[in-house]
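Colleague: Quick one: this structure, given as structure tokens, is what I'll be asking you about.
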């Protein structure tokens, strides 16, 4: 080839760079599970319909149930109680199950033992949040949301796994809640659906992304409820300088490698060559945001850290370092809350990874193609 022809090498698509990166690191981390997770990442994502409690949409549950969708949140405790009753019956049944070719049976057996130990599981789940999903293996799509007479949309379509960090936060009446990295706004909306936020501070460093957040609030939330929300655009890392130690509940849903987007979409892809540096400093940014979130919480307050990545470097490792820094630099001791009952509760809806040192991780799976979604709950002592 002539020299001038070779000057620009063909640009490798960012999605291919992302997949190559994932193949290298996740095949180590997830082992034999990786091919199945990889297939899930590359197939159409599954959605849930988060019902808008502020809209006049009483007909919607019935409409969705006719399509064979169910509210996975309210369904979970009922199923858990059935399992708990079934556990007493069933060492024998468990032996039989191991042989069926379902692939989830050994995991289910482990779940059963967890269910035996766990407290009444319903206690920790907000019944106000309703999210409809189609059953495992059903890849039907939801119709687009429709407005009610007042112009409020009847539901919000989102990855149903994104609700898990909000459910884990377990907002109680009159809690002061901070959503530190709130845009585009799905989790913010879910926090409001609990009906319990005494005040909600929704912050995102990106002004363009907070525009999207405003849009969602206007499309879904009546003015009297919007007035309890303050939307800001601070750099979340500096939040403790704004309002330290004031919140009962803090959600830290950090920027990450957004694995599903990175594997599928060229635009705005963090694996683009020009964004290499930005990608490399992500764990540092995540750590700073989580520490800021911990400092924003009152003593006794709770913090949920979440990402939509499979990477332990962005998940457990960030949490572990944040615990060290909180202790060493701020003399704050943190208790990591056990969320393994979520695995029991929601095993019918999501595929969970059983190998997290800390927190829980939803794995994409062809029959339940939600996630990835990592979440870990901390209590500031």
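Residue numbers in this text run from 1 along the chain shown.
Just so you know, glycine gets a Cβ as well, placed from its N, Cα and C.
Dumping what TrEMBL says about this protein:
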- 308: active site, nucleophile (ACT_SITE)
- 181, 182, 183, 184, 185, 186, 187, 204, 235, 253: S-adenosyl-L-methionine binding site (BINDING)
- 79-381: domain 'SAM-dependent MTase RsmB/NOP-type' (DOMAIN)
Colleague: Considering every residue in the domain 'SAM-dependent MTase RsmB/NOP-type' (79-381), what is the mean pLDDT value?
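Modeller: Across the domain 'SAM-dependent MTase RsmB/NOP-type' (79-381), the average pLDDT comes out at 89.
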Colleague: Counting only residues 6+ away in sequence within the same chain, which have a CB under 8 Å from the CB of residue 308 (active site, nucleophile)?
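Modeller: The answer is 159, 162, 256, 258, 259, 260, 371, 372, 373, 374.
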Colleague: Which residues does residue 181 (S-adenosyl-L-methionine binding site) neighbour through Cβ under 8 Å, counting only same-chain ones at least six apart?
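Modeller: In sequence order, the residues whose Cβ lies under 8 Å from that of residue 181 (S-adenosyl-L-methionine binding site) (at least 6 apart) are 203, 204, 205, 236, 252, 253, 254, 255, 289.
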Colleague: If you count Cβ atoms within 10 Å of the Cβ of residue 185 (S-adenosyl-L-methionine binding site), leaving out that atom itself, what do you get?
Modeller: 25
Colleague: Run through the Cβ atoms and count how many others sit within 10 Å of the one on residue 183 (S-adenosyl-L-methionine binding site).
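Modeller: Around the Cβ of residue 183 (S-adenosyl-L-methionine binding site), 25 other Cβ atoms lie within 10 Å.
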